[in-house]
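S.K.: Sharing a structure with you now.
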Amino acid sequence: MASSAMETCISEDLHMQVDIEKKAQDIRSQWVLNAPEPPSPWRVVADSVSKTISHYKHKLSSLTDQPCTTLLLSVLRVIFPILAWGRNYTATKFRKDLLAGLTIASLCIPQSIGYATLAHLDPQYGLYTSVVPPLIYAVMGTSREIAIGPVAVVSLLLSSMMVKLVDPATDPVGYTKLILLATLFAGIFQTSFGLFRLGFLVDFLSHAAIVGFVAGAAIVIGLQQLKGLLGITHFTTKTDIVSVMKAVWEAVHNPWSPRNFILGCSFLVFILTTRFLGKRKKKLFWLASISPLVSVVLSTLIVFLTRADKNGVKIVKHVKGGLNPSSLHQLDFNNPYIGEVAKIGLVVAVVALTESIAVGRSFASIKGYQLDGNKEMMSIGLTNIIGSFTSCYVATGSFSRTAVNYAAGCETLVSNIVMAITVLISLQFLTKLLYYTPTAILASVILSALPGLIDVSEAYKIWKVDKIDFLACAGAFFGVLFASVEIGLLVAVLISFSKIILISIRPGTETLGKIPGTDLFCDVYQYPMAVKIPGVMIIRVKSALLCFANANFVRERIIKWVTEEESEDDKGNSRSTIQLVILDTSNLVNIDTSGITALEELHKSLSSQGKQLAIANPRWQVIHKLKVSNFVGKIGGRVFLTVEEAVGCKSRC
């Protein structure tokens, strides 16, 4: 009797615990179903605007109590960061910046002349671009290490697109005007990106696309330098490898002077050797930095003393010196090509920003500080706007010069000021000495900078990590190499967008099982030890959005899995009988009407087979729309906070 009474008491206790647990589950389900309505899109926008306005109001109210002088200084410090960090500037920092500035100037002068010729501009435009833009950026920029000036990729991009409008050989003045106008448009776009916080536009060029694009551009740039290295007079303006190699083949079969090739290759070997020594011994980094300038000085001296220019060696000849002249009168807004120039400005703006911000962020992470992306866009943009008024073409952050600046121990942007002043002095007093500089040396200087642009190890890493990303990388590379620079960019962007669309249209779905000894439900393929619940199929959609693009695919996938689960095996035995299908929506952030329709069709299909559908862990927007569409009522209110609670409802179904 006593044992029978005890068993009865235990049984009653178990029933009470089960009832309590059921009540608790019901309460938690009501938490999900009775959640307040999420804010509407208009409310979200209004709140965002309100917060922005209140933020500025708070700033203004805190400033209005201050004296006018303090208020003015506060505003100026926001616009010109140099006024903030300049207060703590010391003589020790200046010594380091002075050394770094002189070091990058020695690299900048020959590179700037070479990049100007790459852009089909007169040599002085490269030097102009190394004076005003670094000075503007020094007072407005937020990066401490970045070196501003002309770069190879942007120079190639400008020339490759602009020669389709005006031939620089037949109309150099008109071509230069279009370059300056494109620079102005690029600056306006860059400033707008920063002002309206549109930095996400720059991210359309993925890391993989940039790796492939830069590598392809480096090879094209290298091939184009064969013109200077071989002393070829007439050369193709096209950038694809087939046209360039054809032009080289035709030129080699015509009379040409091997002295250009010998001179250029000799100094190219010298520059690469010093760079190798600089990498092996960090203390000799300065040797690699000054070797381009040393090459220019020595080669110019050799040509002058031997009069090699009389024997077929091509020389730079006249380089216009003096301060940057105003170019306001050259900005022709009535030009018939202004629409095309604006498009070129947009493409160049995005590429230049991508390179500059990538360089700035990489070195900022090394130094342990954050880079303000929007402020950087505005700084680079204003730099190019002002540069277009002072005979400069598009300037941005240079990886090679920034790396040298960092290695030289720069502390602040004063190194850019030192570099700009050094180039300005060279423009003022030393341009006449560049008359006998051989073009083969400029080609060798550019060639020596190209190996750093081809990152084979990074491409291999992309291949191992993500094959579609590698496809974008390869598309950009071969597009630049065999078509044109802009085609390469377009191919990379299209592949990247196709990847996004493919993931959206065909999102992954996974069957969940319970991990033994835990309350976790995980993918049974990733975790083979996960146990499937008899009579229950738990499916999770690996997508943030169930919409018109992927709803039918998800519905068909779920029905197929349920059918396969119940299909007979080779021996004719039924594997299982599914009574309940649980849809884990923890990844699902939002749903549209097509998604709801697909769920309704899924529910009808399952109901016709005697199966029931339950929803677990829906997000705010999702459960709101399911309630409004009366889908919750159609599935009998089977909405649960967790998958485990949804599994527990099987006994009540």
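Placed from the backbone N, Cα and C atoms, the Cβ positions cover glycine too.
So TrEMBL lists the following for this protein:
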type	residues	note
TRANSMEM	98-118	transmembrane segment
TRANSMEM	146-166	transmembrane segment
TRANSMEM	178-198	transmembrane segment
TRANSMEM	204-223	transmembrane segment
TRANSMEM	284-305	transmembrane segment
TRANSMEM	341-359	transmembrane segment
TRANSMEM	380-400	transmembrane segment
TRANSMEM	406-426	transmembrane segment
TRANSMEM	433-454	transmembrane segment
TRANSMEM	474-497	transmembrane segment
DOMAIN	546-650	domain 'STAS'
S.K.: Which sequence-distant residues neighbour the transmembrane segment (474-497)? Criterion: at least 6 residues beyond either end, Cβ under 8 Å.
M.R.: 156-157, 160-161, 204-206, 208-213, 215-217, 219-220, 238-242, 347, 351, 468
S.K.: Run the contact check on the transmembrane segment (433-454) against the transmembrane segment (98-118): 3 or more C-beta pairs under 8 Å, excluding pairs closer than 6 in sequence.
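M.R.: Taking Cβ pairs at least 6 residues apart, the transmembrane segment (98-118) and the transmembrane segment (433-454) are in contact, with 3 or more under 8 Å.
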S.K.: Is it the case that the transmembrane segment (284-305) and the transmembrane segment (98-118) have 3 or more CB pairs under 8 Å, with pairs at least 6 apart in sequence?
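M.R.: By the criterion, they touch.
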S.K.: Against which stretches of its own chain does the transmembrane segment (406-426) lie, if we need a Cβ under 8 Å and a gap of at least six residues from its ends?
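M.R.: For the transmembrane segment (406-426), the nonlocal Cβ contacts are 82, 85, 89, 93-94, 96-105, 108-109, 112, 127, 130-132, 134-135, 137-139, 141, 143-148, 282, 285-286, 289, 323, 363, 366.
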S.K.: I need to check the long-range neighbours of the transmembrane segment (380-400): which residues 6 or more away from its ends have a CB within less than 8 Å of a CB in the stretch?
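M.R.: For the transmembrane segment (380-400), the list is 107, 111, 116, 119, 121, 125, 128-134, 136-137, 140-141, 143, 146-151, 154-155, 158, 179-184, 186-194, 324-328, 331, 348-349, 352-353, 355-357, 359-360, 449, 452-453.
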S.K.: Thinking of Cβ pairs under 8 Å, which stretch from 98-118, 146-166, 341-359 has the most of them with the transmembrane segment (178-198)?
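M.R.: Looking only at 98-118, 146-166, 341-359, the most contacts with the transmembrane segment (178-198) come from 341-359.
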S.K.: Six or more residues beyond either end and a Cβ under 8 Å away: which residues meet both conditions relative to the transmembrane segment (146-166)?
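M.R.: Distal contacts: 104, 108, 111-112, 115-116, 118-120, 126, 129-130, 133-134, 137, 174-175, 178-179, 182, 213-214, 217-218, 220-221, 224, 237, 239, 337, 340-341, 344, 347-348, 351-352, 355-356, 359-360, 363, 380, 383, 393-399, 401-402, 404-405, 413, 415-416, 419, 446, 449-450, 453, 484-486.
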S.K.: Taking a Cβ cut-off under 8 Å, which residues six or more beyond the ends of the transmembrane segment (98-118) line up next to it in the same chain?
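M.R.: Cβ under 8 Å, 6 or more out: 124-127, 129-130, 147, 149-152, 155-156, 159, 221, 224, 228, 286, 289-290, 292-293, 295-296, 316, 319, 393, 398, 400-401, 404-405, 408-410, 414-419, 421-423, 426, 434, 437, 439, 441-443, 445-446, 449.
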S.K.: May I have the DSSP-based helix, strand and coil counts for the residues of the domain 'STAS' (546-650)?
M.R.: 53 helix, 17 strand, 35 coil
